[in-house]
Amino acid sequence: MAHHSHHQDAADFLPADPITAVPAPETFSKDLEVGKATTEHVENASINEKGEHDRDIQYDNADDATKPRTGLRKLLRRNPSMDFMREVAEANETELDPYEVKRVERKIYWLIVPALFIDYIFYYVDKTTLSYAALFDFKTDLHLKGADYNNLSSIFYIGWLVWAIPGNLLLAKFPLAKYLSINIALWGVFLMVQASSKDYGDMVAFRFVSGMFEAVADPCFVAITGMWFTRRQQPTVIGYWYAGNGVGIALGGLIGYGIGHIGGSLASWRYEFLIIGAVCTLWAVVMGILIPDAPHTARWLNRREAVVTMSRKRHDYHTVEKRQLKWDQVWETVKDIKTYLYFFLGFFANVPNGATSNFGTLVIKGFGFSTLNVTLLQIPYGTFIALMILAAIYVNHKTHHLNIRTLLMAGVTCLTVLGFALMAWTKAIAPRLIGYYLTGSSNAVFVLALSLVSGNVGGTTKKVLASAAIFLGVAVGNIVGPYSFLTKEAPTYHTGIIVCMCSRAAEIFVILALRFCFTIPNKKRDKRFAEGDESCNPDVQVFVDLTDKQNLHFRYVA
């Protein structure tokens, strides 16, 4: 994608300080805040109004033009006005000032990334609370026997599966950040409710509902990242918030250790569900207030900054987000082979995840460590995961121009295969523990996998469904994984570890198949453009909600 190299480093690996990154030109005296009084802060312009210079923009949003924006419609207002679209189209015809772009990007970084990072810590701690509870008399208190614990691990993802498609279709309809906040609040509430479980039946019901509300989390995070950041920045940004996973593991270990020492009237594991659930619910309220739903409705950006936010994405084949459901895109998603490859990518990546997130602590305990030391050994594991993610997104950032993201993913997956092999076939504690830590590299692969979905799918509805496909795979993998860990093989779980290793090996084949699906259409479109077909010109941006197949200007990141 070498054809648009002009300030493509507008936000480099870290949000640069605009003052040091781009010296302010003498002519650049317009303070971005000046326009605040004159332009409306949040967009209120009605779609019917036309400016005096009537620019021709194809804009398929008739449903919004006729209804007045009042009451609930004003609160849930989701689509940008015609005026805003026109301003973005005008900005796209000019060269943006790199200094101004940096200022806006820095603001967006600090607004969005830390919030998603905190969300992801909760998201991980929330899912693994069960494995920490298992270390503290949880199984005896609820009279669990046989495969009951495996069922509790899996029922969570069955809830997730049930709600994945409806939940994600609603995601295409409602304002993103508000929708996410409501779901996070509900996770927290149901985590607290789990503390009241009297027996296995209660726990099954509560875990099922908890799983439902977590089904929309990852697709929401990916959609928010795709909306605010350029394709070049997306893997890096996804890496930053996904590193919350590693922090969540390390913190989960510390929190587990701390809660294990509460000498209250309730069992330790009940405190764990109560405390984590309460903090999670509080955070959801903060999140709902802080994070804007879209650039054109952001209270923290003035009108010019919102336009710059969208215009700097002009080479991403990413139009201004319109929250609507289009059935032709649903049908295309069903017919697209990549949808099924995304599903298998999620599946093979998560058979081992479902197993290790619920049995990892028990496997380490089997090495002969005490319960509290097991929780502490999760800290280096979490740290290693966070460092691997940062290393992978850094290498990806540096090799962006080579278009080898899928090859990088396949390479890192080989490390996880090695990790499971060490766990399965070595006897000493040190190589087995190193093997266990190495399996954490898979998180770095998944970060890049998510960026493939956010950057390579065009069309709002198709993007939401492709995202749902990878996470359906995630759910099914997490359901299947724990059952390969046979109770009679505790604490070594030899079969389970070999199943995990084979699953990782299969993941490498899926990644390489996806690479072919990306590079072949790119070559065809490049060839047509070279022969003079302007409909394949990669430098053209359209303002219609088109999919990657319909829009021949689109090029895939491979």
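Glycine is no exception: its Cβ is also placed from the backbone N, Cα and C atoms.
Not measured: the values here are computed from a predicted model.
Straight from TrEMBL, the features:
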type	residues	note
DOMAIN	112-524	domain 'Major facilitator superfamily (MFS) profile'
TRANSMEM	108-125	transmembrane segment
TRANSMEM	154-172	transmembrane segment
TRANSMEM	179-196	transmembrane segment
TRANSMEM	208-228	transmembrane segment
TRANSMEM	240-259	transmembrane segment
TRANSMEM	271-291	transmembrane segment
TRANSMEM	340-364	transmembrane segment
TRANSMEM	376-395	transmembrane segment
TRANSMEM	407-428	transmembrane segment
TRANSMEM	434-453	transmembrane segment
TRANSMEM	465-486	transmembrane segment
TRANSMEM	492-518	transmembrane segment
Inset, instruction - Rank 179-196, 208-228, 240-259, 271-291, 340-364 by Cβ pairs under 8 Å to the transmembrane segment (376-395) and hand me the top one. - result: 240-259
Legend entry - For the transmembrane segment (434-453), sequence-distant contacts whose Cβ falls under 8 Å of one of its Cβ atoms, 6 or more beyond its ends: 218, 222, 234-235, 238-239, 242, 245-246, 342, 345-346, 349, 352-353, 356, 360, 363-364, 380-382, 384-385, 388-389, 391-393, 396, 405-406, 408-409, 412-413, 415-416, 418-423, 426, 463, 466-467, 470, 500, 504, 507, 511, 514, 557
Legend entry - the transmembrane segment (271-291) touching the transmembrane segment (154-172) per 3+ Cβ pairs under 8 Å rule: no
Inset, instruction - Determine the mean pLDDT over the domain 'Major facilitator superfamily (MFS) profile' (112-524), rounding to the nearest whole number. - result: 88
